[in-house]
Amino acid sequence: MAGGDRGSGGTGNVRRLVIVESPTKARKIAGYLGSNYVVESSRGHIRDLPRNAADVPAKFKSEPWARLGVNVDQNFEPLYIVSPEKKSTVTELKGLLKDVDELYLATDGDREGEAIAWHLLETLKPRVPVKRMVFHEITEPAIRNAAENPRDLDIALVDAQETRRILDRLYGYEVSPVLWKKVAPKLSAGRVQSVATRIIVQRERERMAFHSASYWDVTAELDASVSDPSASPPKFTAKLNTVDGRRVATGRDFDSLGQLKRPDEVLVLDEASAGALASGLRGAQLAVTSVEQKPYTRRPYAPFMTSTLQQEAARKLRFSSERTMSIAQRLYENGYITYMRTDSTTLSESAINAARTQARQLYGEEYVHPSPRQYTRKVKNAQEAHEAIRPAGDVFQTPGQLHSALDTDEFRLYELIWQRTVASQMADARGTTLSLRIGGSASSGEQVVFNASGRTITFPGFLKAYVESIDELAGGESDDAESRLPNLTQGQRVDAADLSADGHQTSPPARYTEASLIKALEELGIGRPSTYSSIIKTIQDRGYVQKKGSALVPSWVAFAVVGLLEQHFGRLVDYDFTAAMEDELDEIANGQEQRTNWLNNFYFGGEHGVEGSIARAGGLKQLVGGNLEGIDAREVNSIKVFDDSEGRPVYVRVGRNGPYLERMVDDPDNPGEQKPQRANLKEDLTPDELTPELAEKLFATPQEGRSLGIDPETGHEIVAKDGRFGPYVTEVLPEPEDGGDDGTAGTPAKKGKKPTGPKPRTGSLFRSMDLETVTLEDALKLLSLPRVVGVDPTTNEEITAQNGRYGPYLKRGTDSRSLATEDQIFTITLDEALKIYAEPKRRGRQAASAPPLRELGNDPVSGKPMVIKDGRFGPYVTDGETNASLRKGDDVLTITDERASELLADRRARGPVKKKAPAKKAAKKAPAKKAAAKKA
């Protein structure tokens, strides 16, 4: 709880309770309000729809709609429950309400914030006047103005949020079970996440279908000093453009199948012809045939809104969208920037003045645009248009002034926002572009024309403060790039000083990055800027997408899920339909559409919407129920990738234990019949890397592995295999014999359980070993692990040397220490091991505790390194002070620093572990000028 210590922001001795979302925000605001204000935080949402069946109160468990948490038979009335971890917060807030005269709900001013305010109102049931306090930056003037000018709760915004919440619940809870039954457990479908996954899968399909084409070109280094000794620069490069009047083909002249789009219009050079031209032109005298000079002007970029901030932070700072929003949240709550969830590029008059003043002070009058620049955009589905994201206050603090107050990430993002805002009020960049055409003859008689293009910036204008980055996978040229050419005139002679022939391959379309995916979603009108970060995180957490560098790569599971949805629920992942649904949801918020009618049509069907809409197809419920039995799980999980050289289809099958290759081949034991041939697929193999040649290699790898010989001690065969997680060796155990009358051997396992029996020993190959060359001796060493080094005489505990997933280590009881090399596993002595244990425990790669499953970056709160460890109840993240279990959907190998720090922050916010909460009680909520909802 925070109380103000400044002069009163209100009148008289009226006591006011101000509720915000976060403790940080509460502390900051309390400092700006008077002693008559008590500021407390709700720590986010205090209630929501049930998360699972256990959350549903007993009185509703028998209801047919209970699993949804929405009474679809009673106007789609939501069932709200107070989160168990928030009950103490609610009790505390109710206690504070007893000692105040007014309640100010000061949550964020968007849909989500308005909904939090409404839920607080419904849960706390205050008996004092209630006002809505709204601000978009946490500065003293803004907070005082908001306190002095409160408004009423905006029920239209609450309705907008609640409708989306209900829609997403219906979509997810009806469609996700289809994926569980037909693809794999723990998968999920969502209104936006499924479309985002489809966009990424579609791009990978394009890459897989792509056929590369080869072409050659000729580059000349031309010397202008032969005719003008003062030419600057004297030498420049030019590309061969035409040969005997025919344009030389470039990559853009080929289609995705590697064929020319207009074969009659271009000339494709091969290595021989390009080389001959280069040789024939070396030393040739050429002349300028045309000079075209144009003025160049570039206007500044608009200030940031949520989506453009995420895109630019990804390109320039390499931040994920989740990381960007987390940092921006901290900057906002500490009063450094305005609210970071906005789709507006507008600046207030005071912000424009602040930006212009700072640009004038830092760069000079000539760098400031003559008049204030205002950036407006027509946003079809804009929500609560605030200001753009900018530095807070009427006078901006420069990054240098905040250097000591911000951590590294905060400083970098603030600097980006500050630069973009100041640059938006600066003058245009100006310069000239120059295009030259240079012609001549090759020694073999061909008439050739070279092109050269240049750009010179004569006045940088806003580029002095800020240059936007380009997407690294898409390519392109930045706005401040210059390419200078000499000032030549038509007819002027130039010599070909050097020529080179270069070969090229056309490239498949680039994979999406977080930045380009956000841009694509925005252009399609799908989702909202405030949700893009969580959507990208969700599709990675669910295993649909993984990052390879900055590229988003779909998994084979994503292919199966998208294929199922396209084939059986096509409208749900149709881009235009999803965008149109956003329009309709906004019409509800604007009062142009009745919420209950719209939800009824969507779920149960009706005449609502265009031909082919979900409503006209009978509604979501019928669509799911009617299609479920008709979905062939094997067909859905079979992705045809290509035909082999004999015309046999090759499929990737998505199995319960991962994807694998399969094709049908002749069965030598049964002439005239066929049998499946299978091959493992490695986890790190991306879909577009699977070629017919690689498939043949994988099929040729024996499933039973490469036999290394017989273990002389056991008589078991030892084989080397290549598995999903890399190469390993294992022993082949004999088939169990049938049991005797006593049933002690060969007893069949109970239904649903795997047969019991000895498991084969296995061992991963060292990094220094190769699957093709590993020997029986190597394998037996690996299978002998862990190796007993000796017994510690002080503790009487056994010390072993082992090979873990993340490297070699020693283990003594629960105390483990990393080893420097794999060879030490077999060579380290007891004395050497004891010396290692005699050293103090260290973090990181020399950690003294059990070797971590994975090492991460530093936690932004504690500043200490985070690691993933394997605990009694499963993997957890720790910074040495706070432990937080990984949750459903979190994966040790793919969890990000942002997600790990989020888990730690959530664990800190929940405080010490509490005893099990009592059973939830449900009660009807009182209407507040909107449709009623159940709550508990």
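Any Cβ shown, glycine's included, is placed from N, Cα and C.
Sequence-distant contacts of Y339 (active site, O-(5'-phospho-DNA)-tyrosine intermediate), defined by Cβ-Cβ distance under 8 angstroms and a gap of at least six in the same chain, are D108, G109, D110, H136, E137, Y332, H386, E387, I389. In the three-state DSSP scheme, Y339 (active site, O-(5'-phospho-DNA)-tyrosine intermediate) is classed as coil. Taken from Swiss-Prot, the feature active site, O-(5'-phospho-DNA)-tyrosine intermediate applies to Y339.
The secondary structure of D108 (Mg(2+) binding site), as reduced to three states from DSSP, is coil rather than helix or strand. Annotated Mg(2+) binding site per Swiss-Prot: E21, D108, in sequence order, evidence recorded as sequence analysis.
Taken from Swiss-Prot, the feature compositional bias 'Basic residues' applies to 910-936.
Look at Swiss-Prot and you will find 15-139 tagged as domain 'Toprim'.
Across the residues of the domain 'Topo IA-type catalytic' (154-611), the predicted structure has a mean pLDDT of 91. Residues annotated as domain 'Topo IA-type catalytic' in Swiss-Prot: 154-611.
Break the region 'Interaction with DNA' (188-193) down by DSSP state and the numbers are 1 helix, 0 strand, 5 coil. The annotation region 'Interaction with DNA' is assigned in Swiss-Prot to 188-193 on the grounds of sequence analysis.
Nonlocal intrachain contacts for the region 'Disordered' (661-688), taken as residues 6+ away from its ends with a CB within less than 8 angstroms of a stretch CB, comprise 204, 207-208, 210, 508, 548, 553-554, 556, 559, 638, 641, 644, 648-653, 695, 698-699, 701, 703, 722-726. Marked as region 'Disordered' by Swiss-Prot: 661-688 (among others).
Here Swiss-Prot flags 732-767 (among others) as region 'Disordered'.
The region 'Disordered' annotation in Swiss-Prot covers 841-884 (among others).
Marked as region 'Disordered' by Swiss-Prot: 903-936 (among others).
Annotation note: H45 (site 'Interaction with DNA') sits in a coil segment as assigned by DSSP. In sequence order, S83, K86, A115, I116, H119 constitute the residues six or more apart from H45 (site 'Interaction with DNA') in its chain with CB-CB distances below 8 Å. As annotated by Swiss-Prot, site 'Interaction with DNA' applies to H45 (among others), with the evidence given as sequence analysis.
Swiss-Prot lists R164 (among others) with the feature site 'Interaction with DNA', giving sequence analysis as the kind of evidence. Counting only same-chain residues six or more apart in sequence, the Cβ atoms lying under 8 angstroms from the Cβ of R164 (site 'Interaction with DNA') belong to R111, L585.
Counting only same-chain residues six or more apart in sequence, the Cβ atoms lying under 8 angstroms from the Cβ of R165 (site 'Interaction with DNA') belong to D48, L49, P78, A115. If you look up Swiss-Prot, you'll see R165 (among others) marked as site 'Interaction with DNA', on the strength of sequence analysis.
The site 'Interaction with DNA' annotation in Swiss-Prot covers D168 (among others) and rests on sequence analysis. In the three-state DSSP assignment, the secondary structure recorded for D168 (site 'Interaction with DNA') is helix. For D168 (site 'Interaction with DNA'), the same-chain residues that are 6 or more apart in sequence and have a Cβ closer than 8 Å to its Cβ are G190, R191.
The feature site 'Interaction with DNA' is assigned by Swiss-Prot to Y173 (among others). Y173 (site 'Interaction with DNA') falls within a helical segment according to DSSP.
Here Swiss-Prot flags W180 (among others) as site 'Interaction with DNA', drawing on sequence analysis. Note on W180 (site 'Interaction with DNA'): other Cβ atoms within 10 Å of its Cβ, all shown chains, come to 12. In the three-state DSSP classification, W180 (site 'Interaction with DNA') falls within a helix.
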E21 (Mg(2+) binding site) and Y173 (site 'Interaction with DNA'), Cα-Cα, nearest whole angstrom: 28
Entry from the binding-site residues list E21, D108 having the most other CB atoms no farther than 10 A: D108
Distance from W180 (site 'Interaction with DNA') back to R542 (site 'Interaction with DNA'), taken between C-alpha atoms, in Å: 12
Spatial neighbours of the region 'Interaction with DNA' (188-193) far in sequence, C-beta under 8 Å, 6+ residues away: 167-168, 171-172, 175-176, 178-179, 521, 526-527, 531, 535, 538-539, 542, 544, 561, 565, 572, 578, 581
Spatial separation of R341 (site 'Interaction with DNA') from E21 (Mg(2+) binding site) - C-alpha basis, Å: 15
Other CB atoms within 10 A, centred on R542 (site 'Interaction with DNA'): 22
Pairwise CA distance, R341 (site 'Interaction with DNA') versus W180 (site 'Interaction with DNA'), rounded so that it is a whole Å: 34
Number of other Cβ atoms within 10 Å of the Cβ of Y173 (site 'Interaction with DNA') across all protein chains: 16
